[in-house]
Amino acid sequence: MNKKTIDDIDVKGKKVLVRVDFNVPLDADRNITDETRIKAALPTIKTLLDRGAAVILCSHLGRPKGEFNMKYSLEPVAKRLKELGLPITFAKDVIGESAKAAVAAVKPGEAVLLENLRFHKEEEKNDPEFAKTLASFADVFVNDAFGTAHRAHASTEGVTHYLPAVAGYLIGKELDVMGKALENPARPFVAVLGGVKVSDKIGVINNLLEMVDTLIIGGAMSYTFQRAKGGKVGNSVVEEDKIELAKELMQKAKDKGVNLVLPVDNEAAQEFKNDTMRITVHSMDIPEGWEGMDIGPETRKIFAREIAKAKTVVWNGPMGVFEFPNFAEGTRAVARAMAEADAVTIIGGGDSAAAVEQLGFADRISHISTGGGASLEFLEGKVLPGVAALNDK
Ligand code: AMP
């Protein structure tokens, strides 16, 4: 990475504003149900504290629509950080009296967490005044929020106009691992894409077709490709207006010599729910009245075999409706194949990261990105504004 990191600057005695990604899932009682993102931010925070910085943490959580909403308060995160041993206080607002007092009081070796940035609509609008006020709290800015690095918001891009700005360890690690995989992959390089929308992933497919040896497509996305091949898909999710595009992408794969692997069979359901009539369709001609919900047994074997041959695997998007246990087999098969592969294995955040966690394969994957949207944009070859805005080395 050609950006400065916290290892390139002296933070002793300085106030350091750190944008982290504490966008963690909470249950109805505001208990944190997955603290992966909190744990992922700790190396940067601890290093800054150890080096004598006074740390001011800021993050968003959920989509509170620009106003205070207790449901999206970061207070449970502050509580958890305290339990994890951090000397931390919590400010009850973002740029108001509580924040100002907490920032004035914070000493070297201590931290304060500001309230949810998105309680101000100015955050997502990248409002310069809001960014300037945030910046006025500190001497240096550190961005370690990979999950929002693809957004030019006040706390990711705006503040960099007013403070020296460097990357934290998490952003550094995410970019190093994924950058290396894309720039100089050990081959065969296999990409696995799933999920619902072809339209969301056109850019990724296009970019990956330039570099992979094999592209595997599963999930609801594959039905649009199946229609492009003239197949029948019953009631499955299809983007009719993307059928032509699917044809073009298949042609591009052929032109580039990429091995495009599509499903050959399916698990189908009568209704979109877990407990419903199910059939295995041993072809891609799904009968009328049935909906494809997961890849079938033969497809699971084929996908696993392709992954086993790989030296680099990148995966984004589930192979079926994995949230329903009856339709999680396809996603499980890919997760298992990745866990068993003798390869660098990378999961691009979002649903596939949740799936490997849920299915118990997470500790056997080389890298699970903390940012679904950000890693997708990275795989598309796009510049991430939150990274581009940081100071060059
Ligand atoms: P995405 O956000 O595009 O990665 O899509 C993730 C979602 O795709 C998950 O919620 C899955 O339940 C859903 N999904 C995967 N396969 C299917 C399918 N065959 N039919 C409907 N939804 C699917």
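Backbone N, Cα and C atoms are what each Cβ position is placed from, and that goes for glycine too.
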- Arg37, Arg80, Arg187: which one does TrEMBL list with Asp21, Phe22, Asn23, His60, Leu61, Gly62, Arg63, Arg118, Arg151 for the substrate site? Arg37
- Of Arg37, Arg118, Gly292, Asp351, listed as binding-site residues, which ones have a Cβ less than 6 Å away from ligand 1? Gly292, Asp351
- Which are the residues of the chain, Arg37, Arg118, Arg151 excluded, whose CB is within 8 A of where the CB atoms of the (2R)-3-phosphoglycerate site average out, their centroid? Asp21, Asn23, Ser59, His60, Leu61, Leu117, Ala145, Gly147, Thr148, His153
- Rounded inter-Cα distance in Å - Asp351 (ATP binding site), Asp21 (substrate binding site): 17
